[in-house]
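Here is what TrEMBL says about this protein:
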TRANSMEM  40-60  transmembrane segment
TRANSMEM  108-125  transmembrane segment
TRANSMEM  131-151  transmembrane segment
TRANSMEM  158-176  transmembrane segment
TRANSMEM  188-212  transmembrane segment
TRANSMEM  219-236  transmembrane segment
TRANSMEM  242-260  transmembrane segment
TRANSMEM  298-315  transmembrane segment
TRANSMEM  321-344  transmembrane segment
TRANSMEM  356-373  transmembrane segment
TRANSMEM  385-405  transmembrane segment
Amino acid sequence: MALLSGFLNDEHLLNEEKKVDGSQVSSTATSSMAAIHPPWWMWMLCFLVFSLALAARLYFIYHVGNPENAGLGWYGDTYHRWQIAYLSKEVGFGKSFLRLWDLKGMEYFWGIFHPILTSFLFSIFGSTNILIIRLTSVFFGCLTCVWLFILGNRYFNIGAGLALGVFAALFPVAIFNDATGSLEPIGISLMLAGICCWPNFSWATGILWALAAMSRAEAWIFSAGLIFACLLARQVSGGKKIALLVGWMVMMGLYMKILLDRTGNPIYPFWWNFLANAKGEWENAQGITPFQIKVRPYYIAAFIASLPFLIYAVIARPKSYLLTLLGWGNIAFVGMMMGLTSYLKSVVPYFWMIRFFVWPYIFAAGWLMWSFIGVLPKWLRSRSLIFSKIVAGFGVVLAVCLCVFSQIMWRPIIKNYLETQPNWQKASAAGKAIADIYQDGVIWYPESSTELLYFAAQALPNLSGRVVSQMYDSFAYPPFTEYKENGLDLFGNWEKDRHLVLEWIKKEQVSLLLVPAGRDYYLKLVSLEPWLFSSAGSVSGYGTFSAYYVNRDKI
């Protein structure tokens, strides 16, 4: 409770002395009393902001969209992260401590916090429904609105905080992205929570920022940058700085040790999400499109425009310097990645309404609101009280206009989302068809069909993660990989090599083989070993798959 109460208090109360009736009163005692007994109306306003944000997001999920459709075909990553959490719970954690699991080899790509948390929630609720992932993001998105209200009130005034809290609660792009189950709400919420804790609970700040880095790869940069800024704070004691460093470094050290042990790379998510993306290692496009050429100057302009604000925050250190660094730093980062690296090749027209821009949009709106409701009126108060009130009134009108006119974003968002509904219906039917074919044992499964696995698992509660990936079967290892590299027939030495495949099938207890279109070598395997396979029909509608029962007991 002390930690939560401390969120509601000014970060400088521990370090400043305030005059009361001409005498000096220790701010430590003042802030301690405030932390124990925060104003009741602050708790009430936090609850109202959270409730408003929650109501908006639940309305979208249940009344605008489909609770089980996270935007399939547009937001497929949500289903992939579901797969990682599901298989980690059913398979990975049973093999070793915090061992994540995936059919596609990307189990550590998005960090470890989300799959561990989601697996825990799957166990608590006794369900593996995708809605759990979506509601988790919604919860953190609602907390983000509360943190913004608290920080706006702390750094400026109650009006500025309330304006941004309400704007974030009702902002269409934020509502949509929170409701799809994206990771950004988790990362940003943890970063903002860490700012709320600083410096009263500096150890918690370090832990929260480390958890943010375990959720979103860009938080490696943001958390390290904010910690450096905190270490430069003159008014904060050395003990609090040490607690911050210890909290962050212990958690990050454990995280990097896990990554090193599991992947061989202690910065694996950061490398593949950003360094490899910047080099274009994920990109297949040979050149950039006319659209990308057109938008590139805007990204570069955003990057350049953000630099003076970052420099100002570091040098001048305004009261809101941590929030300022996080906001303008994110804008600079997005502008740099999309304007100055090979990631530009991935930019498409609908990017403006997805996860990359949620926090930049909210921060930019907040910067305007804080300026006109908080900063300028305070600066003008000693010069002209009337003009100060006029500017504050204009700020309120501006906040209302931003909130109202931003709602026009719903039209393209809903249009794009509803276009994914046919994909969801086809994938749902195909996944249930796989469930109808399945009898027992392990499915020999194509690694890229994460959506179908979700629907099959929902129809087969007793599947319990009994799936093996074609990405890691016998054909993924020598001598078959050598045959592929040299352009040789995989079955050229079949009499010599067949025991490798047969032993693998028996060891993994495979009972059903799904062959996607384009993997003809599995069909040749079936033709070479007719005694082992029998047709189970086919699955179509969301891709085409040939299905075969595997009579492993005959091996």
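Heads up, the Cβ atoms here are built off N, Cα and C, so glycines get one too.
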For the transmembrane segment (219-236): best-contacting stretch of 131-151, 298-315, 356-373, by Cβ pairs under 8 Å: 298-315
Dominant neighbour of the transmembrane segment (356-373) in 40-60, 108-125, 131-151, 242-260, 385-405, by Cβ pairs under 8 Å: 385-405
Non-local residues, at least 6 beyond the ends, that sit with Cβ under 8 Å of the transmembrane segment (40-60): 8, 138, 141-143, 145-146, 149-150, 153, 158, 162, 165-166, 168-170, 175-176, 178-179
Top partner of the transmembrane segment (158-176) among 108-125, 242-260, 298-315, 321-344, 385-405 - counted as Cβ pairs under 8 Å: 385-405
Positions on the same chain near the transmembrane segment (298-315), where near means CB under 8 A and six or more residues out: 229, 232, 321, 324-325, 328-329, 331-332, 334-336, 338-340, 344
